[in-house]
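Student: What Swiss-Prot records for 521, 526, 712, 716, 860 is Fe cation binding site. As annotated by Swiss-Prot, domain 'PLAT' applies to 29-159. Under the heading domain 'Lipoxygenase', Swiss-Prot lists 162-860, citing sequence analysis as support. What Swiss-Prot records for 209-246 is region 'Disordered'.
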């Protein structure tokens, strides 16, 4: 009798069975190489009895000694760890593990792992091959496990069966709650590499006041003047000279900036990323060395001078034999250096915009087309009042309304009056005026000399846009309250007026380039999505269905944003060095964030808000485009609808009523924290969804996924194809429009190309900017695209798996439709004069510089 009681208490081992499992893990590595010294040390620890143990946790059998939580199995250990050869190249290794199991224990719902080695390892998965009466049980882990002494609580992983909080097996609830508490931390202390804590902070680490006044930057976030989304907290100490500014780590340690360990790039991505950087540095340095022996070392003397950046280089052999050899190389960095896609090394790849023609980029048709199918197709709007009016406060900025008149444009409206053209939805505007004017006076005190622009366009019968007029404005010399001084330019193809028109378009491109980088790209994708990453990990358990839905769309975002704060958007960083707002760049983006509205990030809402579409319930996506051949919008609506259909199927499986949404305490805490902390500077905005209905959840999750995947792809991966040739999208202008009677005007008449190149981005800035966007435009080899998952076992629920499979098939159909549209000669905006088919919303891609592919997340 006593034996039965004891046997029951210890798990009934008299009828125990063996359950085999497979552990997939990757040892600590340095880029492509396994840390052999660390691996040897771990083997020594293993030989001394310091092992890696696993204990299953029952979801049905309680343990009185453990507060009636799920009972733990006896520890099981990795098998043959000592005798498994350590590969030189970093990669996954599978180990067996055998557990004692009995009928009373039932199905395991989680397991605890204890690493008593000295080094961390990456735990990919544990699969129990055949739990009696339950079959296979999968635990998808994808987490770095440090030595146990680094943690204050046990490392726990849950099986792939999702549960809403109220449906969680009683014996697993405490484990679920405690894991979330661990991930939240207590908001104190400096974060270390092994910490798994997600927390918030303001952008108070962009400047470095300890290095002088010129390196001071405004804190973004936490104020009405400069609101901003929150970033991940690092807990670094304050600077010596300003206790409100966070100190910075040395540039050489940039890769070590804190993000939770599981948010860091994987070894394949890090290898690709550093290889791309190495190649770009070489491509950057060689022209600079040549320039030392040039009479004008910081100037391109001609367009031929610019083109030499791309032509030549060392061409590696191509063909199946060489490809087979490189594919067999285990080291990703070397494989990437020896790419067989035809790219030369030691020269920049030829950007798509000049591949077919070296001059088509200069046409008015291409200038306008890129507003619909270029790298920044999300700004153009329909003109709804003429002349265009400013929304800036007239008390502070005077009269900012446009000086464009009907006389400037009516001869180009195919016989229509301005009112008739507007009423027929024929007039459109690219408007950068109000965003730039408040900062333009200060910007022009730097080496930048530029304008705020308005560009009017006419929708022609063939579906293309025709530029009508460009207005360039400067703050009034007597003060902001006196408004602006403006000049209007109209198209010309004759003499010096033609050269002036080309310069006017260049100033517009400079405006658009800066707005693209700071707002369309950085603010509207990178910055706004980070609070969602943090809140999801803090408030939604990995068991939560919505965590499982959103998790793939947050991959690598915190890491790339942290690196951006360290080397790109910081004081004196690459962004300040290459875009026209210079040191005012990030502050400008905070002012623009004042107008950010979460529901308006949904593609249909955005199109309607910009007036380029109208609501129409009879249209396939609920809106009708007023520019029918609008490649970004056409492809985007297909992608948007596919995402929404997938999210609807998924969420409807778990939530059938408003009550189920309201009683989900994790979901409500998640949304509350997003509003009040993550985007806390906008917490009182009336437009926030209340998260009270399944439809609000569906709409919100669709928008989050859209921002992280398709919107980012549309504004990121076209950077090199369109802006890799800087004359097409200059980032800086260095002098104003030449005035008659000046030496600059005479130069413009005699040598318009040289005058153009002396006006836009200088040679050094060009090389730096092109090097950066080449890196940012590449896909890494481990990229996971929309409609794909890292593991096929991401959930146990069959209906969501079937819905996800349907989503993938829909995306494949969309790819076929994009190919078909790109081959339709009637749709002239799909390729344009430069013959560059629109593929930025083509869902999949191979690695490298492809100009297509929608990664799941903001990952670069």
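Just so you know, the numbers here start at 1 and follow the chain as drawn.
The backbone N, Cα and C atoms fix where each Cβ goes, and this holds for glycine too.
Any idea what these are sitting next to in the structure?
Tutor: DSSP assigns residue 526 (Fe cation binding site) to a helical segment in the three-state reduction. The 10 Å shell around the Cβ of residue 526 (Fe cation binding site) contains 22 further Cβ atoms across the protein chains shown.
Confidence over the domain 'Lipoxygenase' (162-860), given as mean pLDDT on the 0 to 100 scale, stands at 92.
If you look at the region 'Disordered' (209-246), the same-chain residues 6 or more away from its ends with a CB under 8 A from one of its CBs are 187-191, 197-203, 257-260, 263, 527-528, 530-531, 533-534, 558, 561-562, 565, 570-572, 583, 586-587, 589-591, 593-594, 677-682.
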Student: Please identify, from the binding-site residues 521, 712, the residue with the sparsest Cβ neighbourhood, meaning fewest other Cβ atoms within 10 angstroms.
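Tutor: Ranked by other Cβ atoms within 10 Å, the binding-site residues 521, 712 bottom out at 521.
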Student: Compute the centroid of the Cβ atoms of 521, 526, 712, 716, 860, then list the same-chain residues not in that set whose Cβ lies within 8 Å of it, in sequence order, for the Fe cation site.
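Tutor: Sorted by sequence, the hits are 522, 525, 560, 715, 776, 858.
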Student: Can you check which residues sit near residue 716 (Fe cation binding site), meaning Cβ under 8 Å from its Cβ, same chain, 6 or more apart in sequence, and list them in order?
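Tutor: Looking at Cβ-Cβ distances below 8 Å from residue 716 (Fe cation binding site), excluding near sequence neighbours, one finds 521, 525, 776, 777, 860.
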Student: For the region 'Disordered' (209-246), what does DSSP give as the number of helix, strand and coil residues?
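Tutor: Helix/strand/coil tally for the region 'Disordered' (209-246): 6 helix, 5 strand, 27 coil.
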Student: Using DSSP and collapsing to three states, where does residue 860 (Fe cation binding site) fall: helix, strand or coil?
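Tutor: Where residue 860 (Fe cation binding site) sits, the three-state DSSP reduction gives coil.
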Student: Within 10 Å of the Cβ of residue 860 (Fe cation binding site), how many other Cβ atoms can be counted across all chains shown?
Tutor: 23
